[in-house]
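The annotation compositional bias 'Low complexity' is assigned in Swiss-Prot to 266-278, 290-303, 315-326. Per Swiss-Prot, the feature region 'Disordered' maps to 236-326. Per Swiss-Prot, the feature motif 'Nuclear localization signal' maps to 81-95. For 18-57, the entry in Swiss-Prot reads zinc finger, with the evidence type sequence analysis.
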């Protein structure tokens, strides 16, 4: 499979930033007439003096433009997950604001409005965050025995697990290299890191896995690994080479049969050429060894010296061609 294209956050900035303040969306709000989004405070302040969209100049509403704007929670979650540290910094600003202005009306707001929501509650993971994970050997037979397992088997399963604390930006490829070096697995075997029964791609980070499989932080991120041999392709290539060598040996034996005393007898084998088809020499670097005579192929045999001795030689005397025999 082809690797998934990964783009930079700067390429997505036009879709994540407010044109009114130039920053990333905070409390993203969308105009329902044209679907352009802005920060909530930015668009509310703008619509106090205008009734048109700041981007496309479409009329939001004739008299009450605030009726045609909606909070976009999905877009805001995307911004928080794509921009590292944005959610944590925003929550800190809100806590500092209400601490400096205790008279501000925050009782009617939600915990997020007051800045009292942690990253864990929002399920937002940053690149520098440390993720706890557990990894164990994937055994298909163990899964089949789950129905009839006895009291000692759960202890074995617990002992097989290993617990790690890794940064969220760590990739599956790094985890595979760690397992190979830690367990001395030779290079002739391939390691697959899995979530449940699905192999994970090498470029997945732990943060990607947590988002894709909706990790709830109610325990370590459960991962598994399996080891399998990687020499299958080499076996296929060896078989192909063996077939090729066998074909060459068979063609050589066919040419030898043509020069043998029984070579003049017609053969029913499909490996031999037809009388009208010239046979190429099995030694391309010496094309003069094989020649086509009367539709049959002759190749060097045990008496090839006598054939060269009886072969006529051409010589040129005063521009005329004369043929002499040895």
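A Cβ is built for glycine as well, from the same backbone N, Cα and C atoms used for every other residue.
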What else in the chain is close to the motif 'Nuclear localization signal' (81-95), if you only count residues 6 or more beyond its ends and a Cβ gap under 8 Å?
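Residues 9, 12, 16, 24, 26, 112-119, 122, 124-128, 211.
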Using DSSP, what is the helix/strand/coil residue split across the zinc finger (18-57)?
7 helix, 9 strand, 24 coil
Looking only at the zinc finger (18-57), what is the model's average confidence as pLDDT?
95
Count the residues of the motif 'Nuclear localization signal' (81-95) that DSSP assigns to helix (H, G, I), to strand (E, B) and to coil, and report the three numbers in that order.
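Looking at the motif 'Nuclear localization signal' (81-95) with DSSP, the answer is 12 helix, 0 strand, 3 coil.
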